[in-house]
């Protein structure tokens, strides 16, 4: 990497809803990591590949304004360095930040939020790998920044319709904290430029 390349690490602070048991771990984000791509980002949250790729692609296609750049290809490369839980949500967040870093026009930003339901129905936001393994159900949602509209969901396990709605509502509330982190991260990055 060139010596004048700017690498920024941003850490989220107080990024968790105030309900007991419903909290998000701290975020960390580095942008402009790679020297050749137009945009790159590393998104850390806490400490089925083809299916995951398809879900991320569908989410991107829902928000990227591809008609503005016909005959243009966008390649997104995600490399999982560690899985501390909530992997799909972390991949969605890294993808969004990389698209922003590349200047890709989008109708809205998007984020991923994972919820887990334990055996007695207790909701846990941003579960760790251990919490996911012990959970009765794990649900991940991709939400847009404008209306918190559901762009994508993937689920594993057993849950009722009421629990699904409860998890979606919790994810929509948590998405505001993720989007605030995005804004703060970008403000810090561009205010130092």
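Numbering starts at 1 and runs along the chain as it is shown here.
Using the three backbone atoms N, Cα and C, a Cβ is placed for every residue, glycine included.
Annotated features in TrEMBL:
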type     : residues : note
COMPBIAS : 1-11     : compositional bias 'Basic and acidic residues'
DOMAIN   : 50-105   : domain 'Exoribonuclease phosphorolytic'
DOMAIN   : 109-173  : domain 'Exoribonuclease phosphorolytic'
REGION   : 1-20     : region 'Disordered'
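Using DSSP to sort the residues of the domain 'Exoribonuclease phosphorolytic' (50-105) gives these counts of helix, strand and coil: 33 helix, 1 strand, 22 coil.
Looking at the domain 'Exoribonuclease phosphorolytic' (109-173) alone, the prediction's average pLDDT is 95. Helix, strand and coil counts from DSSP across the domain 'Exoribonuclease phosphorolytic' (109-173) read 19 helix, 27 strand, 19 coil.
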